[in-house]
């Protein structure tokens, strides 16, 4: 008995791990085989064959192929246009891309783009996208962490690590360069178009932008931002479609409006030229009259300056009419003697002294 017990091999941890990994591989293979067998059975079922090969399936495949072809055409339209800006600058390839998208040359691609924008606007309005993004992130991490921990506790091998790729995905330099180039072209598209609209390179587009900005100025007071974005997207996509579907009728009315505008402009020009001619004639007449009067005034002034000045003599006042109010007695008598010479300085000094005038 002791020999038998000693010869019996005890299971080790390594054998257990090997057996566990082998069982996991067998379970995975069994699941894969069962899944492929079930898929084959479903695919070979008569009902499935009638659906996949019926007219509905053929129509779906046809529409899918046409949609792929239109998206390929839309992607191929991203070429630098041959037309230049008014300044002689080259436009970006996004000019041709958006022109093809908004002109509905590829209706399926344009319709899907418009529907995607509308869905995104409503999702941003009614769904908390950032919060749901965080929720998806923490749920994904919860599943991966729990699978890894439970696998290591149960079978000594994590489950998440089994699905780990052999090489992590990286963005190549060529892909990054093309992405940066596309972003650069997209930014330049908006910069160039805004300047072309401001400087009225195309009067129709500038007028449409004027109407849109004027309407947005008043609508933003009563319409939220998401509603204004929805209205703007609808106008951008549906206005070209309406014009394309009713091109003849719209062109007819546009031609009539242009003719009426030209007639009114012609009448305004004629009236303006008539009034300008009358104003010119009136101005010339007034200028002639004033120049004639000025010449007359200058001539009369020169004539007065050349003629001698005549001074009128004042009439003499008659003595009979003048009565004097003063008498002779009011004035002092006039001296009758001759004026004597003033005494000399020596005589004055001598008189001031106390000496007698006559010596004894």
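From the backbone N, Cα and C atoms, a Cβ is placed for every residue, glycine too.
Just so it is clear, the model here is predicted, and its values are computed rather than measured.
Checking the ranges 174-196, 197-219, 266-288 against TrEMBL, the transmembrane segment annotation falls on 197-219. When pLDDT values are averaged over the domain 'Reticulon' (98-295), the model yields 89.
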